[in-house]
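The feature (6S)-5-formyl-5,6,7,8-tetrahydrofolate binding site is assigned by Swiss-Prot to ARG24, GLU82, LYS120, LYS442, with sequence analysis given as support. The GTP binding site feature in Swiss-Prot is assigned to 227-232, 246-252, 271-274; the stated evidence is sequence analysis. The Mg(2+) binding site annotation in Swiss-Prot covers SER231, THR252, and the record cites sequence analysis as its basis. The domain 'TrmE-type G' annotation in Swiss-Prot covers 217-367.
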Amino acid sequence: MMNTDETIFALSTVFGKSGVAVIRISGNHALKALNHFHVNKDMKPRFATLVDLYDSSDQLIDNGIAIYFPAPNSFTGEDVIELQVHGGKAVIKIVLEELSRIFVMAKPGEFLLRAFLNGKFDLTQIEGIADLIDAETKMQAKQAIKQMSGELEKLYSSWRQRLIAVQSKIEAYIDFPEDVATEKNELEKINDEVQTLVQSIQEHLNDNRRGERLREGLHIVITGEPNVGKSTLFNFLARRDIAIVSEYVGTTRDILEAHIDIGGYPIILSDTAGIRESSDPVESEGISRAKKRSCEADLRIELFPFEQRYNINCNVISSNTIYVLSKADDVINDHDIKISDIDFLPVSILKGIGTEKLVSVIKEKVEEKFVYDRDVPVITRQRHRNCMQKAIEHLRRFNMNNPIELVSEDLRLAASELGVVTGIINVEEVLDDIFNNFCVGK
């Protein structure tokens, strides 16, 4: 664990040319930074003050803005100074060098760690901040902001408090066993409360991994035989030339990926090798990988050549597959073509036929994967899911017919798992894993 007694500093903005660079200082001695830069002004809390910054040789470095956030009403809960200087590399280097004479450079995530230790955020909120920083689409950002606002923490803490309340009643029966026989009605209420919690947590787990999918990206695979236009469609959806498009069979051998945004949802799009029998060991490996990726995908776009539409034979129909007639250069509209009870969408990338409709269908399919009550917080990380699963295992062992000490222990262990998610129960390796993934200035 990091030493939180030292005063730390770091650049909070990207190093390089910019209009403004922000340097954050946090700790008991943060105000000494202003003395070091020969700033003799009275700092009014949370007000921007224009300052001239001088180095150790009394040479002017820059004129900028300083803002003082006194503890505990700051981001970290400690005294914080934020310096805003011109975003040139030389200015930033000199300011950081001067600060290193009196303070310690912050480690990755150290500002947030201090905020967590000072009760400014719980772990789920900090993970929400990380997700907001990493968000590439509108829907990812919306989910991160909800988590950052503390919705998950409120849910998990309410469950934990209910378990603690039940456990306290059980503990009372341990201390006063003569009351157990006369309180059968109360014991039934306890059992009902635990079973209600089990149901609530199980419903929370039965979410089809929506939160994790939104955070990580939905996997869509383009599949089909060789030379049906998979790479052309891949490049079209990716809006750039990634895959090599060729008339030669077997050009695409390994899996190509592109991260795209469709309707605000993050998509990991994969182009795969054409499915066929091949004696070429390299192509065969590519085909094997293509089949595996197709099985693992959340959605598939399966291509069939338009000119062979009367010979199509689909043995398995899947609601997770969009069926496309590719290279449909001769069609006059994008109306679906029904073949063997399957609606095929004719698409011609060359003539722009069916492309808008295909994107619309993809968006509809993607949205179906994320249909849920927007007011209910969702699991966003495997860490949360693991703890919830462990908690529910302990609660399923709960049985009022067991020795009352074992009943109490099951409740304690379940409450502990809920506490691990929010950080009330301190697990050092979990903290290290979360905070080390942040940049230095966070």
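Just so you know, glycine gets a Cβ as well, placed from its N, Cα and C.
Looking only at other Cβ atoms within 10 Å, the busiest spot among the binding-site residues ARG24, LYS120, LYS230 turns out to be LYS230. Taken as a whole, the domain 'TrmE-type G' (217-367) shows an average pLDDT of 83 in this prediction. Closest to GLU82 ((6S)-5-formyl-5,6,7,8-tetrahydrofolate binding site) by Cα-Cα distance, out of the binding-site residues ASN227, LYS230, SER231, ALA273, is SER231.
LYS230 (GTP binding site) sits 50 Å from LYS120 ((6S)-5-formyl-5,6,7,8-tetrahydrofolate binding site), counting Cα to Cα. For SER231 (Mg(2+) binding site), the Cβ neighbour count at a 10 Å cut-off comes to 22, with all displayed protein chains included. ALA273 (GTP binding site) has its Cα within 10 Å of the Cα of these binding-site residues: SER231, taken from ARG24, LYS120, SER231. Mapped onto three states, the DSSP output places LYS230 (GTP binding site) in helix.
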